[in-house]
Amino acid sequence: MSDHNPLTLKLNLREKIAYGMGDVGSNLMLCIGTLYLLKFYTDELGMPAYYGGIIFLVAKFFTAFTDMLTGFLLDSRKNIGPKGKFRPFILYAAVPAALIATLQFIATTFCLPVKTTIATALFMMFGLSYSLMNCSYGAMIPAITKNPNERAQLAAYRQGGATIGLLICTVAFIPLQSLFSDSTVGYACAALMFSIGGFIFMMLCYRGVKEHYVDTTPTGHKASILKSFCAIFRNPPLLVLCIANLCTLAAFNIKLAIQVYYTQYVLNDINLLSWMGFFSMGCILIGVLLVPLTVKCFGKKQVYLAGMVLWAVGDILNYFWGSNSFTFVMFSCVAFFGTAFVNSLNWALVPDTVDYGEWKTGIRAEGSVYTGYTFFRKISAALAGFLPGIMLTQIGYVPNIAQSDATLQGLRQLIFIWPCALAIIAALTMGFFYTLNEKRFALIIEEINQRKNKEMATEEKTASVTL
């Protein structure tokens with residue numbers, strides 16, 4: 001730690017692990033909804049599948065704008081206390097996020113319109129609290145380190161944490177829910193346990209991570225939601241990353257939402273979901289561990305594109321030959337191994353675009369950049385929640401009965417073809433239009449530091465003249 005150059009200064013292992021714990025916690029709360037809420041709506045609340053899709057669409061569009069609000073709040077902060085610029089939002093938003101994550105899985109006996117209204121309101125409230133918590137958590141990376149390799153490692157730890165959270169949700173939620181003879185009670189109790197666990201991990205993150213580089217917003221700069229949009233369109237690398245992420249997150253979430261239906265009705269073994277989750281998430285963890293080394297050897301963009309190729313190949317193989325349990329798990333592992341590199345680097349690339357924006361405009365606005373980026377992610381999540389609900393209705397899905405051949409074929413297309421097509425679009429977008437490579441990034445950081453040193457020298461000279 002004797003090296004004080006921000007570009008080479010290294011973080012200790014404890015802080016990296018603590019940062020990764022944040023995404024364990026947030027994903028324990030988020031992924032129970034991503035994976036099981038649509039099924040809870042259709043099978044427990046008795047909603048038509050398209051009702052669930054509309055709820056996802058409305059609530060996720062709402063939370064896209066709450067992300068922008070979070071960015072506005074972050075960039076508006078002037079007096080930064082000892083807790084830092086971002087950490088207080090993690091501390092205070094984790095409680096309502098955990099509480100509402102549980103309430104979403106409590107069944108009611110109201111009529112369908114009332115059930116739908118309650119479900120929509122709860123989903124929107126969860127989105128608001130989750131935005132305050134998770135956007136602050138993600139936007140914190142530039143304040144933790146300026147070392148690009150350390151940022152890649154933090155992103156890898158974050159993706160590792162997200163993978164562990166997703167793995168636990170995939171492997172443990174249904175077995176926990178099945179312990180109860182009353183399925184509705186099982187959903188509520190399982191959600192409660194996951195929410196408590198998520199809250200604990202968020203607190204471990206809060207206590208273990210420090211903000212080492214807190215840049216206050218310039219006095220003449222006023223944050224606004226409009227500026228979050230402008231931060232995207234005035235920042236070409238960020239815009240390209242947003243478009244690619246729109247595709248990758250939609251593909252990933254569609255796959256997660258449909259896999260519970262696929263294992264139950266196509267493979268006739270819903271318990272296979274736990275085994276598939278165990279092996280495929282294990283492959284993701286291996287991929288995440290390889291991210292720092294592969295990035296160091298080949299660069300972020302090349303590793304990102306290689307991950308996209310693996311993802312697409314795994315889905316194509318599964319569509320044609322994934323009709324039994326063994327091949328489904330095996331080819332899913334290939335696809336999820338590819339997603340490890342893609343999802344890790346989605347986060348590692350965002351801090352680089354923050355620095356690009358500062359270099360281009362002279363204003364450092366982590367909140368606006370990050371929440372502009374997450375706005376696209378929420379739009380993607382809205383579509384990923386809406387499309388399965390609508391498509392389940394279109395293919396003739398009826399809960400808790402044997403499905404027709406047309407419905408089974410529709411499920412296969414939903415879980416494999418749609419994600420594969422979106423992955424290919426994302427790969428083409430990044431391959432042709434993302435130009436912020438490692439060499440250019442180093443030059444940008446060097447120029448930013450030169451500007452700051454020049455400004456400091458000017459201020460010191462002015463102060464000495466005044467005295």
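All residue numbers here begin at 1 and follow the chain in the order shown.
Quick reminder: no glycine exception, Cβ is built from N, Cα and C everywhere.
Going by Swiss-Prot, these are the annotated features:
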type     : residues : note
TRANSMEM : 17-37    : transmembrane segment
TRANSMEM : 54-74    : transmembrane segment
TRANSMEM : 88-108   : transmembrane segment
TRANSMEM : 121-141  : transmembrane segment
TRANSMEM : 160-180  : transmembrane segment
TRANSMEM : 185-205  : transmembrane segment
TRANSMEM : 238-258  : transmembrane segment
TRANSMEM : 275-295  : transmembrane segment
TRANSMEM : 303-323  : transmembrane segment
TRANSMEM : 325-345  : transmembrane segment
TRANSMEM : 379-399  : transmembrane segment
TRANSMEM : 414-434  : transmembrane segment
Which stretch, 88-108, 160-180, 238-258, tops the Cβ pairs under 8 Å count with the transmembrane segment (379-399)? 238-258
Thinking of Cβ pairs under 8 Å, which stretch from 88-108, 160-180, 238-258, 325-345 has the most of them with the transmembrane segment (121-141)? 88-108
Surrounding residues of the transmembrane segment (88-108) on its own chain - C-beta under 8 Å, 6+ positions past either end: 22, 25-26, 29-30, 32-33, 36-37, 40, 44-45, 70, 73-74, 81, 114-115, 118-119, 122-123, 125-126, 129-130, 132-133, 135-137, 184, 187-188, 190-192, 194-196, 198-199, 202-203, 205-206
Can you name the far-off residues of the same chain, 6+ from the ends of the transmembrane segment (185-205), with a Cβ under 8 Å from a Cβ of it? 18-19, 21-22, 24-29, 32, 36, 40, 44, 90-91, 94-95, 97-99, 101-102, 104-107, 133, 137, 161, 165, 168-169, 173, 176-179
Positions whose Cβ lies under 8 angstroms from the transmembrane segment (325-345), at least six residues beyond its ends: 152, 155-156, 158-159, 162-163, 248, 252, 255, 267, 269, 272, 275-276, 279-288, 290-291, 294-295, 300, 303-304, 306-315, 317-318, 419, 426
Which residues, given as numbers and ranges, are at least 6 beyond the ends of the transmembrane segment (303-323) yet have a Cβ under 8 Å from it? 248, 251, 266, 287, 291, 294-295, 331-342, 345, 349, 412-413, 415-417, 419-420, 423-424, 426-427, 430-431
Long-range Cβ contacts under 8 Å made by the transmembrane segment (238-258), restricted to residues 6 or more beyond its ends, are 31, 34-35, 38, 166, 231-232, 308, 311, 335, 339, 342-343, 346, 349-350, 353, 356-357, 369, 372-373, 375-377, 379-381, 383-385, 387-388, 411, 414-415, 418-420, 422-423, 425-426, 429-430, 433-434
Can you name the far-off residues of the same chain, 6+ from the ends of the transmembrane segment (414-434), with a Cβ under 8 Å from a Cβ of it? 236-237, 240-241, 243-245, 247-248, 250-252, 254-255, 258-259, 262, 301, 304-305, 308-309, 311-312, 315-316, 318-319, 322, 335, 342, 387-388, 391, 395
